[in-house]
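First up is the structure itself, then whatever we jot down about it.
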Amino acid sequence: MSVVRLIIEYDGTPYVGWQRQPNGLSVQQVVEEALAKVCGGPHSLVSSGRTDAGVHARGMVAHFVTPQPLPMAAYREGVNRFLPAQIAVRDAALMPDDFHARYSAVGKWYRYSIYRSPVRSPLACRFSWHVRTVLDLQAMRQAARLLVGRHDFAAFRASGCAARTTVREVFSVDIVDAEEWVYVDVRGSGFLRNMVRIMVGTLVEVGRGARPPEEVGAMLAGGCRKQSGITAPAQGLCLMEVAYAPQDCVEG
């Protein structure tokens with residue numbers, strides 16, 4: 001059996017998320033159906049994680065197992081022929097037998113996009129959070145530094161999160177000032193459900209002056225969701241990259 005890895009980009013706006021759901025169309029379902037047309041039969045994708053409804057991805061990683069792999073071009077160009085405009089396979093590679101999209105991952109990079117302007121942008125609204133108020137980026141950076149490291153992020157998870165442990169390691173939180181745009185780049189070993197969006201919502205509240213930066217430390221220590229900030233809207237979040245230890249492709 002051979003392991004094929006796909007890197008998938010998608011606009012999550014019209015989907016219920018990455019994972020198959022009984023109540024709507026998911027990115028996983030659409031990609032698996034396109035893959036079945038190319039391969040002549042069903043293949044189940046195992047992803048590096050899941051994204052919620054409305055969240056986007058530049059670098060979602062998924063793998064599947066097949067007894068007779070096709071040329072990698074068939075999984076790129078071939079599958080893309082059957083995908084809608086909102087989804088594309090960016091890369092395909094034949095991997096070592098022990099590669100696993102989820103369990104081989106050593107880190108993830110999420111970017112949250114904030115559009116700051118008194119007037120909304122129709123061209124940006126699908127991929128950003130429109131914030132009309134002025135943001136104190138220095139205060140946001142001060143608060144962001146407190147989130148870096150290995151902590152119990154119980155205060156930064158969704159109420160329905162069923163993770164066995166709420167301890168995670170955040171490698172970095174960078175606030176990037178780009179004229180009308182503010183990007184919050186978060187890198188870590190892994191994240192709880194809605195963790196990045198709650199982190200961003202909290203940082204925006206700090207930037208608006210609604211909370212002092214040092215309050216973030218109390219949130220981490222308290223572990224109560226009610227202490228932390230709002231959950232930033234889904235459309236501003238994008239999974240940029242999933243990191244793996246150096247590993248040679250068999251073919252790609």
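Just so you know, glycine gets a Cβ as well, placed from its N, Cα and C.
Residues or ranges marked as active site, nucleophile in Swiss-Prot (evidence: sequence analysis): ASP52. The feature substrate binding site is assigned by Swiss-Prot to TYR110, with sequence analysis given as support.
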What three-state class does DSSP give TYR110 (substrate binding site)?
strand
Secondary-structure category, per DSSP, in which ASP52 (active site, nucleophile) falls:
strand
